[in-house]
Amino acid sequence: MLSHERRLWADGYERVAGLDEAGRGCLAGPVVAAAVIMPPQVEITAIQDSKALSEGQRLDARATIEDEAVAASIARCSPTEIDDRNILQAALEAMRRAASGCRPPPDFVLVDGNQWDRNLVDAPWPHETVVKGDAKSQSIAAASILAKTERDALMRDLHEAHPEYDWASNVGYPTQQHYDALREHGATPHHRQSFTLFRD
């Protein structure tokens, strides 16, 4: 999980940030991104791909990340921004915002996926994209954990005002119960109007 970071540290980059996002495929809520700079040469086995961890393991890993990170930042793009930009551009913008919020700032960023280069994100840092990076890079995995836990908590808070959509369980993702609630109650301001919210 540190091969990418070790190569960059050897090249003289001390503050290597991992970037990842959560919530691209959701019908409701923001897309949330995180940037995390971990200390050089420190490997933490609890930090793994967030999708491979239970909720409890993610929360424990988040606490470890918050204790150990040199810097961490979380950012989001709202449903309105998603509708205005499209989900891909909003996800990339959220990652750019997260990296911009790191203090101290990164001197290199590892970005999950392969869209950063393809979409010419306007960012000041040297970078490398890593497909399935949350399973290959500790820094990206740490960012995936922060983004996922932050977004899940936000959607559970929103559930209190809109329990009919079951966001406490589905956290905005497209489930049959979510589609059924949309048919019965319509969309909220938290839904992404550019997404297909209704289906037969």
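Placed from the backbone N, Cα and C atoms, the Cβ positions cover glycine too.
Since the structure is predicted, the reported quantities are computational estimates derived from the model, not experimental observations.
Together with ASP20, GLU21, Swiss-Prot lists one candidate of ASP83, ASP84, ASP107, ASP112 for binding divalent metal cation, that being ASP112. Surrounding the centroid of the Cβ atoms of ASP20, GLU21, ASP112, where the record places divalent metal cation, the chain contributes additional residues within 8 Å, namely LEU19, ALA22, ALA33, ALA34, ALA91, MET95, VAL111, GLY113, GLY133, ASP134, ILE140, ALA143, SER144, ALA147.
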